[in-house]
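Chemist: My questions will all concern the structure given below.
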Ligand code: ATR
């Protein structure tokens, strides 16, 4: 049986094994997919051991940078992200490092929610690893501009500078004054602390702006609640991004794109239940 896995620490909460087993069932692909608790100080050793037999792996917190270093080849989006969430064994034993997070988010927005990114004014909140991973795929959609706002303004400015060859990207603090945006994406980890990025609600145009929180949970996230209170046309959480990044990885490994809709529906049902 072809073997795949997800590496993480902790890993018990991961939904990836269930998602990939559902994809495999749906597409009639014979494969196994397990969760692997890699030691914090030896991701590389653990991954090498797995890849003696294994064909592909996903990588989650805190190993995405380690996986980037382990890969012998990188996709352009992984190189830009500085992080790898998907590894694929190559003929000859090398390891391809890819990053499907941004493509997953982009696909969730465009395909599942019909959001047009071309020509859009996009505000991205946060300047950490999660945001770095989405900038290349977003810019590939040719938005009018991307503004990155972060608690530590200098980090946003630096990140914007690294991507400015790909489009109109600017960075700054949360105190930005600007026209309302078409799309606002929360990529900060503020919700984990039950906090909100303190941005001006006038950046939402009531009935027009789409808000997207890369986090998800049983209940509506703090950011999406705030967005709804200020009239956002739609408030979307990151569960679709999770399923779509997995679908992109499955496509890379197996050459078949699974139908994400029934899997997303099942996960949503479980999350609510
Ligand atoms: P991740 O991989 O989830 O992006 P990270 O690289 O540690 O994690 O980045 C966390 C992001 O959330 C950063 O942009 C961080 O802001 P700083 O760069 O100023 O630290 C942001 N963040 C974390 N807690 C926050 C909070 N309570 N309010 C606003 N932003 C927060």
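Glycine is treated like the rest: Cβ placed from N, Cα and C.
According to TrEMBL:
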| type | residues | note |
| --- | --- | --- |
| DOMAIN | 6-87 | domain 'Shikimate dehydrogenase substrate binding N-terminal' |
| BINDING | 14, 15, 16, 60, 85, 101, 216, 245 | shikimate binding site |
| ACT_SITE | 64 | active site, proton acceptor |
| BINDING | 76, 126, 127, 128, 129, 130, 150, 151, 152, 153, 154, 155, 214, 238 | NADP(+) binding site |
| DOMAIN | 117-165 | domain 'Quinate/shikimate 5-dehydrogenase/glutamyl-tRNA reductase' |
| DOMAIN | 238-268 | domain 'SDH C-terminal' |
Chemist: What whole-number value in Å do you get for the largest C-alpha pair distance within 76, 126, 127, 128, 129, 130, 150, 151, 152, 153, 154, 155, 214, 238, the residues recorded as binding NADP(+)?
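Modeler: Greatest Cα separation within the listed binding residues comes to 28 Å.
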Chemist: Under a criterion of Cβ-Cβ distance under 8 Å and sequence separation of at least 6, what residues of the same chain contact residue 152 (NADP(+) binding site)?
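Modeler: Looking at Cβ-Cβ distances below 8 Å from residue 152 (NADP(+) binding site), excluding near sequence neighbours, one finds 127.
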Chemist: Work out how many Å separate residue 85 (shikimate binding site) and the residue listed as 'active site, proton acceptor' at their Cα atoms, rounded off.
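Modeler: Residue 85 (shikimate binding site) and the residue listed as 'active site, proton acceptor' have their Cα atoms 6 Å apart.
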Chemist: Using a Cβ cut-off under 8 Å, which residues of the same chain at least 6 positions beyond either end of the domain 'SDH C-terminal' (238-268) come close to it?
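Modeler: Beyond its ends, the domain 'SDH C-terminal' (238-268) has Cβ neighbours at 4, 15-16, 18-20, 22-23, 26-27, 29, 31, 55-56, 58, 85-86, 88, 98, 100-101, 103-105, 107-108, 112-113, 212-216.
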Chemist: With the Cβ under 6 Å from ligand 1 as the test, give me the qualifying entries from the binding-site residues 60, 76, 101, 154, 214.
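Modeler: What lies within reach of ligand 1, judged by Cβ under 6 Å, is none of the binding-site residues.
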Chemist: Of 60, 216, 245, which is closest to residue 129 (NADP(+) binding site) if I measure between C-alpha atoms? They're all binding-site residues.
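Modeler: Smallest Cα separation from residue 129 (NADP(+) binding site) among 60, 216, 245: 60.
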Chemist: I need the most crowded of these binding-site residues: 60, 85, 150, 154. Count other C-beta atoms within 10 angstroms of each C-beta and give me the top one.
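Modeler: Of 60, 85, 150, 154, the one with the most crowded Cβ is 85.
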Chemist: Which one is it, among the recorded positions 14, 64, 216, 245, that lies nearest to residue 154 (NADP(+) binding site) by Cα separation?
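Modeler: The answer is 64.
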Chemist: Among the binding-site residues 76, 101, whose Cβ has the fewest other Cβ atoms within 10 Å?
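Modeler: Minimum Cβ neighbour count within 10 Å, taken over the binding-site residues 76, 101, occurs at 76.
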Chemist: DSSP on the domain 'Shikimate dehydrogenase substrate binding N-terminal' (6-87): how many residues come out helix, how many strand, how many coil?
Modeler: 33 helix, 18 strand, 31 coil
Chemist: When DSSP states are grouped into helix, strand and coil, how many residues of the domain 'Quinate/shikimate 5-dehydrogenase/glutamyl-tRNA reductase' (117-165) land in each?
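Modeler: Summed by class, the stretch gives 25 helix, 10 strand, 14 coil.
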Chemist: Which of these recorded positions is closest to residue 76 (NADP(+) binding site) if you go by CA atoms: 16, 60, 64, 101, 216?
Modeler: 101
